[in-house]
Amino acid sequence: MVKRSRRRGAAQWATVRAKAGRTATDENEDDLGSPPSPGDSSYYQDQVDEFHEARSRAVLAKGWNEVESGEEDDDEEEEVLPLNIDDENDEDGESSEEEEDGEDDDGGSSVQSEAEASVDPSLSWGQRKRLYYDTDYGSKSRGRQSQQEVEEEEREEEEEAQVIQRRLTQALQEDDFGVAWVEAFAKPVPQVDEAETRVVKDLAKVSVKEKLKMLRKESPELLELIEDLKVKLTEVKDELEPLIQLVEKGVIPPGKGSQYLKTKYNLYLNYCANISFYLILKARRVPAHGHPVIERLVTYRNLINKLSVVDQKLSSEIRHLLTAKEGAGKKDLNPKAKLTKTKPKSAKQTDVNADLTEEPEFDEAALEFYKEMEDRPELKRKKEENSAEEQALEEQNAKRAITYQIAKNRGLTPRRKKIDRNPRVKHREKFRRAKIRRRGQVREVRREEQRYSGELSGIRAGVKKSIKLK
């Protein structure tokens, strides 16, 4: 192949020189006759440019098939201006060079073959450079393949990548996960003897104020979490547990209200449990900074803060439920008993509650019912005002009604006290005032039922009622 390429290059160069020799005189005459026109190629190119252009045209005319076949040859560059040397001399030189190379490589061929035999065939390099080119990323190779072949190649590539990844993972060692490379860039820290810098403090001799100061400096969130734990446990015990009992007994029907109470109850319990775990870490002197419990506490606190908006809206209803439970129990929670103001029999109490929960108007939580009960007086007042206005509009053309003064017709009757209207109450009040006056005039007899045990109201040591002698 090398000989053929050299012959082809020599022949082309000889043809160009022959053409250049034949046309040199003609071109000189043309140049002397008239200058080249701008449309002529000689106006822009010389002989060397024309040679390269003709060569590129010939290559394009032959097509890419011959170019690809030429790439399969050994990586020998084709000479542009080769020397016109006989082929026999070239063959002799090549044979001598091959013999010299063979003599040089005989010593290392055995060692190289042994090294190649010890390598896994799947990890060894190929023998030809062309195997590593013309991948499936180009449009040319994909165009001649079907969709099924392309998918098969992609699947094989994926499997091969997984095999390589598993092999690399198995090759990892413990040193690969260390931070030795970071320690190399770290600044050397001067080592100080702990016995010289450590100050031993006797906490028994430290005052409470100093202890609190040290505690706030070390972990400022500890005291706040303790106070928050006390508040949340008190709220769970006094408010949420009674309401959860009402939900379990069916007094508060299932709905959004009961779901809200259960959510808040579980949220508070989880928050208190995480605070308790944090306190255990502090008691065991375990560093809590960066511990997952800190992130968990922040999450629960954010959720509790989101519930504060709903707590403000339902605070009055919750207080009403708690007072009703502490006072009259389930009887006060029965809406039909409040509307009719009658005392149903105890045997029918459960039936009434069951009917109320089954009716569609009581599908919502009991909290909404008490909200309606609070709004009832205002609705009644508005209804009365509307009825009064309607009555006034209807009686605009009627006669004017008499006033209270005309209806009573008291005239010049003197004003009397209200107590004079009822003689029994009047004499009772008169007797009460007489007893008070009698107690101030005559001392009541107090018989000695037991021995003297001192003044009942106590003796004031600072009081002096004696008169000094003059």
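Placement of Cβ uses the backbone N, Cα and C atoms for every residue, glycine included.
Note on S37, S219: Swiss-Prot annotates phosphoserine at S37; no matching annotation appears for the rest, which is not proof of its absence. In the compositional bias 'Basic and acidic residues' (375-386), the DSSP tally of helix, strand and coil residues is 12 helix, 0 strand, 0 coil.
Of the recorded residues, R376 (citrulline) and S146 (phosphoserine) place their C-alpha atoms 79 Å from one another. Cβ neighbour count for S146 (phosphoserine) (all protein chains, 10 Å cutoff from its Cβ): 8.
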